[in-house]
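Some features that Swiss-Prot has for this protein:
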BINDING   40, 62, 169  Zn(2+) 1 binding site
BINDING   92, 95, 98, 106  Zn(2+) 2 binding site
């Protein structure tokens, strides 16, 4: 099958819109026609060359929504015509991780997914006869993609695909981090470092949890209006102070903030977020992905005196069983998605979407096919 796709032929190069060949789905696989895909910082991170798992040439994209076209042998959970969201965090329901009840980090396809291939260790994408790598098990920058059955969430066909595609990554990650990882309670204080799509989703999740003070922190004050719309009570630009932002937050709260979230991927900000956490019980959740080889540091005393450092992937959400419910929440208005979509454009303009993101002019650009 022929498909239009935005292909990354090398690190740091603009994506090229080309026609590729997509092979049929094999056993346990599904062919999906993508209708919409968000452009996420993780795509830009891999494209930059900083991602230690980055492989080229590759079809990027992992925040999409579409419709099942064809299923491979043995596929029973979806059928042609079903509306789906591809998952970069699979859920097989059978591995040690899935059955533990402790994590969403399924390992069913992790090894091959990290190598940019399907579970049988081969690709379904080709250009001029040469294979292309898959990306995060999704590759939503192709109009047609092949995904493992365990990496697909079946959703309500009435859902707005332009909006719910964002539940494939950023919004789910942020909201899930609040409810699943941090378990924010009513009245707790929350500080969010970085007000991109994930950070704003954390703010929204904190409001859902009925948090008390919600501190929104960013060096780009143009993000503050939307943060307030989502529920932030205090907006802080670290550049406005002549002292570290963690000192500012501790002084504003007496002992620190109950829950802090790092949504950037900057190891220095990760330290600031931890050191802003409340003495005795504060916890800091790392969501942002740092560059290859980066390490985090703090004084052990910060942990000895009761602070906890945590991390989360996909907000602790189990995609196949829990994401459909989040789609329903979006349809009912419990999760607000429309404000995240600041730009929409066709695939041909996808490089403009990356420019908008790098310039801090967008929250999410959604590509439609």
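Each residue, glycine too, has its Cβ placed from N, Cα and C.
Distribution of Swiss-Prot features across the structure.
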residue	record	Cβ contacts under 8 Å, 6 or more apart
40	Zn(2+) 1 binding site	62, 63, 169, 170, 197, 364
92	Zn(2+) 2 binding site	98, 106, 108, 109, 150
95	Zn(2+) 2 binding site	106, 107, 108
Binding-site residues compared (98, 106, 169) - highest count of Cβ atoms within 10 Å: 169
DSSP-derived structure type at residue 62 (Zn(2+) 1 binding site), helix or strand or else coil: coil
Residues close to Zn(2+) 2 site centre defined by 92, 95, 98, 106, Cβ within 8 Å: 90, 91, 93, 94, 96, 97, 99, 107, 108, 150
Cβ-centroid neighbours of Zn(2+) 1 site 40, 62, 169, 8 Å, sequence order: 38, 42, 43, 61, 63, 88, 136, 138, 168, 170
Secondary-structure category, per DSSP, in which residue 98 (Zn(2+) 2 binding site) falls: helix
